[in-house]
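Per Swiss-Prot, these features apply:
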- 1-19: signal peptide (SIGNAL)
- 20-136: domain 'Thioredoxin 1' (DOMAIN)
- Cys55: active site, nucleophile (ACT_SITE)
- Cys58: active site, nucleophile (ACT_SITE)
- Arg122: site 'Lowers pKa of C-terminal Cys of first active site' (SITE)
- Lys224: N6-succinyllysine (MOD_RES)
- Lys273: N6-succinyllysine (MOD_RES)
- 351-477: domain 'Thioredoxin 2' (DOMAIN)
- Cys399: active site, nucleophile (ACT_SITE)
- Cys402: active site, nucleophile (ACT_SITE)
- Arg463: site 'Lowers pKa of C-terminal Cys of second active site' (SITE)
- 473-510: region 'Disordered' (REGION)
- 480-502: compositional bias 'Acidic residues' (COMPBIAS)
Amino acid sequence: MLRRALLCLAVAAAPGLYADAPEEEDHVLVLRKSNFAEALAAHKYLLVEFYAPWCGHCKALAPEYAKAAGKLKAEGSEIRLAKVDATEESDLAQQYGVRGYPTIKFFRNGDTASPKEYTAGREADDIVNWLKKRTGPAATTLPDGAAAESLVESSEVAVIGFFKDVESDSAKQFLQAAEAIDDIPFGITSNSDVFSKYQLDKDGVVLFKKFDEGRNNFEGEVTKENLLDFIKYNQLPLVIEFTEQTAPKIFGGEIKTHILLFLPKSVSDYDGKLSNFKTAAESFKGKILFIFIDSDHTDNQRILEFFGLKKEECPAVRLITLEEEMTKYKPESDELTAERITEFCHRFLEGKIKPHLMSQELPEDWDKQPVKVLVGKNFEEVAFDENKNVFVEFYAPWCGHCKQLAPIWDKLGETYKDHENIVIAKMDSTANEVEAIKVHSFPTLKFFPASVDRTVIDYNGERTLDGFKKFLESGGQDGAGDDDDLEDLEEAEEPDMEEDDDQKAVKDEL
């Protein structure tokens, strides 16, 4: 600690001694290996983004990150924001376990042994609120109306506990809830003027927000669990737009059933269609999260593909559950009235809607090449043929590993094209789905031996022609592995830092 204090004094008193003082870009410190340690010593609290110049997520984060840095600097905060180009500073990236972009870590008191991973949203308010929670009290004491008003205005969502006795059991429960939430500012007050300002004549908790009804008053027994449920239920808008910034809130939230309206902002009656969607949302608050996506936006095209949609098919509605297995649902009607959307959601909650499985049309020449082409419509017939041993690659067109495997898979097809009972096949899993098979990574290789038992064997051996041949000649034994082994192998091999933006977007967002 003494060494750190002396170094801070030296930096402050004699900038010339700081041989490689970091530059600033929009209030964000630009760090390199040569000045990283000194920056940690000079700043008690330092949030560092490890980024890549080509990363789409990093580009989207940049203005919000700079906005947060400027806000904290203007407040005279001890917290500073910094960034490291991990493609240039590979030693730093390796030291701090950077495997994907952006990776954001929080350093306190120069501690490099265990920096905290940043886990909140990607809007400026989220960043500022998370940092203040990490460096200050769980709830700010509000001595007067001006302080309360300042807190409410500081963020899209804020929570204030009104307690005449701030040492009461209810107040303690409130503070425990405040400690559990990183991305929302909390305040606590016992001041009678603040009670009057917000029309309270007894103890209570109020969530203030700059959308929808503006505020929600907590009702019920004040416990940590009840307060957390209340906040999670009310903190998001009835309808939220999907963007790079809102994605962490959407996918990291407690509500795992999402209904999506793919709505181009250029469409006629845009406001009317969005209004219908919002009207339907009122009946499902806390049960289904209503999200709308600008289907014309370039960044959202991969999501359309994931749902098997084309731009010209929008506006459209789809529903997805984000439990252990993602399952999609499609309304029977294309009408986007509030009544139709409400009916669809009710039927889903009642278990009356079957999952929607995508399938491309079957190509006329699907079986004319050594590697047979499977789609959703012919998968069952081919893969589970009782008289055939079928080896299938489940791939994604954008997957780098799949592209590397393609020529080997084609050679495998050539090897067995005239075999009486071995079939080599492939299926684009971004455009085709089958109920019996869940694909978690690309490429996934599965073997369907000739059998009446619908047996499925995962391949986890070498991705070489010889490895595949040994596997097939052994009847699916040499190289077999369970699905968990396959996922671990993919994760171990996956060069996260070299993924193209689209691939990472699908993984992160879906």
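Each Cβ is built from the backbone N, Cα and C atoms, and glycine gets one as well.
Feature map: annotations from Swiss-Prot on the structure.
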residue : record                                                    : DSSP class
Cys55   : active site, nucleophile                                  : coil
Arg122  : site 'Lowers pKa of C-terminal Cys of first active site'  : coil
Lys224  : N6-succinyllysine                                         : helix
Lys273  : N6-succinyllysine                                         : helix
Cys399  : active site, nucleophile                                  : coil
Arg463  : site 'Lowers pKa of C-terminal Cys of second active site' : coil
Per-residue Cβ crowding (10 Å cut-off), top of recorded positions Arg122, Lys224, Lys273, Arg463: Arg122
Cα-to-Cα gap, Cys58 (active site, nucleophile) vs Arg122 (site 'Lowers pKa of C-terminal Cys of first active site'), nearest whole Å: 10
Inter-residue Cα distance where the pair is Arg122 (site 'Lowers pKa of C-terminal Cys of first active site') and Cys55 (active site, nucleophile), in Å: 15
Neighbouring C-beta atoms (10 Å sphere around the C-beta of Cys399 (active site, nucleophile)): 19
Spatial separation of Arg122 (site 'Lowers pKa of C-terminal Cys of first active site') from Lys224 (N6-succinyllysine) - C-alpha basis, Å: 26
Per-region confidence, the domain 'Thioredoxin 1' (20-136) (mean pLDDT, whole number): 93
Integer Cα-Cα distance in angstrom, Lys273 (N6-succinyllysine) to Arg463 (site 'Lowers pKa of C-terminal Cys of second active site'): 49
Surrounding CB atoms that lie within 10 Å of the CB of Cys55 (active site, nucleophile), all protein chains: 20
Rounded inter-Cα distance in Å - Arg463 (site 'Lowers pKa of C-terminal Cys of second active site'), Cys402 (active site, nucleophile): 11
Composition by DSSP (helix, strand, coil) of residues within the domain 'Thioredoxin 2' (351-477): 30 helix, 28 strand, 69 coil
Whole-number Å value for how far Arg122 (site 'Lowers pKa of C-terminal Cys of first active site') lies from Cys402 (active site, nucleophile) (Cα to Cα): 31
Cβ neighbour count within 10 Å of Cys58 (active site, nucleophile): 22
Local Cβ density at Cys402 (active site, nucleophile) - other Cβ atoms counted within 10 Å: 20
